[in-house]
Amino acid sequence: MIGGVIQGLIALNVESYVPRPYHATLLAMAVVAFAIIFNTVLAVRLPLIEGTVLILHVAGLFAVIIPLWVMAPRGNARDTLLVFTNSGGWPSTGLAALIGMTSIVGTLVGYDCSVHMSEEVKDASRTVPRTLLWSFIPNALMFLVMGVTYIFCIGDLDSVMNTAYGQPFIQVFFNATQSNAGTTVMVVIIIVMLTSAAIGEVATASRQLWSFARDEGLPGSTWLSKVSPGWNIPLRAVVVSFVVTSLLSLVNLGSSEALNAITSLGGTSILFSYFLTLSCLVWRRLFGAPLPPRPWSMGRYGIFVNVAALVFVTPMLFFYVWPLTTPVTPQNMNWSIVLFFGVLLVAAIHYLVKARHVYVGPVMLVKRVQ
């Protein structure tokens, strides 16, 4: 994503620029390498960096929406809020809306990151839920303001979607400012935020990889789970995260459809994990033994929150594996469902052959310690 945005920024300022797939690949690798630096040699400064990014995050919102409020042509409220466009060729607008919603579900998964850092947090059972809540509330409000502003300022949808810059939001910014310099500043803010998100995602992915390897749940767990002397971070897991991400970026050189399928696989897997855990939690609350005492509890309201979340996640998971447009061809087919079951098959084989003999889940580990 970041590579494509940077390409769009170059196309905005250099008329002769012709985007190539390998440009996006190299730019993506550069951003990941930048994130690796902040997760290794600058890891001790990561809290300070994240605090600085928070300030830029809030200030950047106003730096983007104020020019749009002041300078952009705005559509009327009825067309903007009540008229739906079915560009995917689906038989009904409702079905098109449900499938289209899956495109923005990815904005909700970032809150999951702090959970995977919980082993490095004091009083995690209380602190992490608070962090999730207080990161969601302001960001949801900011997203609402930005989202409403954007759709009011989007203008002609077809021209924006077919922009020469490759990124519709860049075209919206330019239509508002009519200035390369102004648009560049606004796009740079987005790039900085995306790069900052990449830093946090590398930290999260490496901790998740390390903790799963520590529990003997992955091939090569013995090597992955070791923390190098002199480092207070899982350096090997960080390096593996960089290598895997770089290799995935190379897929774009052969087939953008394959890269999209792999990207969709991540969303499908996350939604399935939410569906699985919520289903188990709702079943336990309704039919199982009482949940153990915990510092953070919503009491009697917890079941309603869990059911509401399950009601939302279930259709999103179902429609996430649908193609976005019809008629369906090998090029626009959503192959994530095939990859998902392929990964499940590989995981099942690994579990039956080795992991079931050595894997100790975190719940059992905690019980043994207690």
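Heads up, the Cβ atoms here are built off N, Cα and C, so glycines get one too.
Remember, predicted model here, so these are calculated numbers, not experimental data.
Listed features, source TrEMBL:
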TRANSMEM  22-44  transmembrane segment
TRANSMEM  51-70  transmembrane segment
TRANSMEM  90-111  transmembrane segment
TRANSMEM  132-152  transmembrane segment
TRANSMEM  184-204  transmembrane segment
TRANSMEM  233-255  transmembrane segment
TRANSMEM  261-283  transmembrane segment
TRANSMEM  303-322  transmembrane segment
TRANSMEM  334-353  transmembrane segment
With the transmembrane segment (261-283) as the reference, which stretch in 22-44, 51-70, 90-111, 184-204, 233-255 has the largest tally of C-beta pairs below 8 Å?
90-111
Return the stretch with the most CB pairs under 8 A relative to the transmembrane segment (22-44), choosing among 51-70, 132-152, 233-255, 303-322.
233-255
Excluding the flanking five residues on each side, which residues at least 6 beyond the ends of the transmembrane segment (132-152) place their CB within less than 8 Å of a CB in that stretch?
58, 61, 64-65, 68-69, 72, 74-75, 80-81, 107, 111, 114-115, 169, 172
Short question: which residues 6 or more past the ends of the transmembrane segment (51-70) have a Cβ under 8 Å from it?
142, 145-146, 149-150, 153, 172-173, 176-177, 182, 185-186, 189-190, 192-193, 196
